[in-house]
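Visitor: Taken from TrEMBL, the feature transmembrane segment covers 12-33, 39-62, 141-160, 172-193, 205-225, 237-260, 272-291, 297-313.
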């Protein structure tokens, strides 16, 4: 997909917003799962976020089509008239629902900075899914950066830093397993959704609506199965605070905003954003949760940041180089004759 030409300031704006959203979401979610006295139901938060995403996507579809009538016609055609397409998009919606719930489990047991670094394992997972599902190839530098990233995450998890201001009982193993599941879900769902998008000319917002409709059904079922009795007793919004509302808002807007970032920026900008989010999360964790930085954590984080940058570097066009070298050889032969 070609990147549209926009000003440098707009790219910087995209970079700043993406970084702030990623770092703030992680830190605030960690705060709501470890500091709050009345713990809210994470399943309801995930379900409400899906509803907000659906409403926002409907608004964007109305803007894209030009009026409510055209929007309604598009919905009737693609939603009610295409049950197979709706079923096709239910697959990533289920996977994303699992991923979002795993984020709550992981941040209930791991510090925000550790989570932010470890979650970058989604890059090699996405790369592997891209090779297998989209038949694309990776350069040697990208494969090298993938192994470097895995090494960095291993260092971070080798002796995870402790948070002195968090009094709740935590299980780092459970947190790491939750991240592992989230990473696998992120890689598969992202590549699957990309494959569906490129298989037709259907609008991105229509595809989002198809996915979020299934997502709402799946997450609502998760509320009933996991916390049904407690929700009936205490209410859907039990334990909700302004910080919890901020988490839901960031989860809703962050996913939609990613499409804007992908459209107007490149992999290098996204790499810088991920690295900056790690730095911000680390600073916030030291301040809010009393995170004790270790040498292995710092070394692993630096390796992860460098690997993200290397992975995002554009591939060299070897075809032009080989063509030019062939021309030079022909010229030399011609001059020799």
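We count from 1, first residue shown onward.
Just so you know, glycine gets a Cβ as well, placed from its N, Cα and C.
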Visitor: Is the transmembrane segment (205-225) in contact with the transmembrane segment (272-291), using at least 3 Cβ pairs under 8 Å (sequence separation of 6 or more) as the test?
Guide: no
Visitor: What stretch of 39-62, 205-225, 297-313 shows the most Cβ pairs under 8 Å to the transmembrane segment (237-260)?
Guide: 39-62
Visitor: Six or more residues out from either end of the transmembrane segment (205-225), which same-chain residues have a Cβ under 8 Å from its Cβ atoms?
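Guide: Sequence-distant neighbours of the transmembrane segment (205-225): 41, 43-44, 46-47, 50-51, 53-54, 57-58, 60-61, 64, 74-75, 78-79, 85-86, 89-90, 92-94, 96-97, 100-101, 193, 196-197, 231, 256.
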